[in-house]
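Heads up: the structure comes next, in structure tokens.
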Ligand code: MSP
């Protein structure tokens, strides 16, 4: 798996673990794809990559859903993981190395270990909690998080995110002394400005912590679907405290010190709505335990449908396979990574998806690849010609290959996935322009131009091979078909990405399977999908 360029750097990347109260929609799939593209890129760069995803199965929200469906919470979680969350990973071609469930023994046991250590170190005390709780968020709410309800909730305070009533809690709970970490967190944000990205999320969190942190209630006593507090089994651990620990329990914390030392710390990809848990509570927990804080927390934007954050509870949810059944997994991956600036909100529309599929994937990249392979087959019996003397346009293509490879890699290191793709697409566009101008079909008519024709097609073949390597993290299916047609060495997903332009292949080309088949327009308006 490691390429020759390997510098052996460790790259541990995570997605949030998803609540299993419901089935996935394209907002969840969006997070998965972003993390997957980054993981695949780093693997191809030779980094020692580990990509974790999984499910968040405890807490009141899941308990209530299970009860409403007449099953135990574990039965419910098993059903959802098997029928919906694991299959999602196949639907959108996710290359995760591990899948953690918070009901795994490796998780539950080591949540208890972590908690016991914090207790022994004096960071946990008993107290009285009184305040509001939103079961949808699984979060304690400040008055400023609440708004006046409307319609059936008229006269009640509701959660600003879920528009549903909050519940008044009055319980004797265990508390984590989070307030002690305000200054250390502010120092961390200052010393490492990349710790929270993008800037908008960072600013919001810095000003939140500047107002001062309160201690955090980390246990519940009124229900029992959770990890038991080790020294007091009448309490279960607060679901967020439990869930955040997945990032270290999956990496070996408490049972495989070597794996843990080589993987941790991680880069966390999360939606901006949960960035605060990851950039405030989570590093404070780690500091208290004497562990390293995460490498980075990146809070991406929301997928909007009709101007609102897409969600199942607001009935705006779209299932990922509604898109992939028609357009395929590559197009799903490409569309969301290309059309939305990673870090900002973006609106989904069937029209935009369909237009980009046609213009960029089918006509831009797919057609380029099939024309080049077809011309080598027709004019040189499938033998890739050598290049003769390079003219300026031929050299320009080679220069672009080198330039966009470096620029895309730099963009990925900033997690600017959309920019990386835009850089690579300069090569798609330049190659299309190059072929139009060089007119190989015209050169083929006069045997005197044989060497020139060879140089042009050699340049074009080199270019599409470079594209296969560079686009493999985003378009794993199409690029592997192209790689097969180029008789490339090994699997395209193993090709060193930082030297994509140096790719090695066979001496001939083979037939190319269609990369982006034509889609009947009646299927692309969404109604048939
Ligand atoms: N279980 C918690 C995370 C615990 S991580 C230790 C959770 N789960 S979730 O299933 O509700 O959401 C998981 C992720 O999906 C979040 O990052 C959330 O932002 C993301 N998305 C949910 N709806 C989304 C959109 N409409 N758009 C983009 N991302 C969205 O929170």
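Quick reminder: no glycine exception, Cβ is built from N, Cα and C everywhere.
Note: TrEMBL annotation is automatic and uncurated.
Because the structure is a prediction, the values reported are computed rather than measured.
Summarising the annotation, TrEMBL assigns Zn(2+) binding site to 134, 137, 159, 162. Taking a C-beta cut-off of under 8 angstroms and a sequence separation of 6 or more, residue 159 (Zn(2+) binding site) has the following same-chain neighbours: 134, 136, 137, 141, 145, 146, 165, 166.
Among the features that TrEMBL reports, domain 'Methionyl/Leucyl tRNA synthetase' is placed at 12-372.
Feature annotation from TrEMBL assigns domain 'Methionyl/Valyl/Leucyl/Isoleucyl-tRNA synthetase anticodon-binding' to 403-498.
Per TrEMBL, the feature motif ''HIGH' region' maps to 18-28. Remote same-chain residues near the motif ''HIGH' region' (18-28) are listed as 54-57, 59, 61-62, 64-65, 76-77, 80-81, 84-85, 88, 271, 302-303, 309-313, 317-320, 323, 336, 348 (criterion: CB distance under 8 Å, separation of at least six residues from the stretch ends).
Residues or ranges marked as motif ''KMSKS' region' by TrEMBL: 309-313.
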Environment of 134, 137, 159, 162, the listed Zn(2+) site - residues of the same chain whose CB lies within 8 A of the CB centroid: 135, 136, 139, 141, 158, 160, 161, 164, 166
Other CB atoms within 10 A, centred on residue 137 (Zn(2+) binding site): 20
For the domain 'Methionyl/Leucyl tRNA synthetase' (12-372), mean pLDDT (0 to 100): 96
Among 134, 162, the most crowded of the binding-site residues [Cβ within 10 Å]: 134
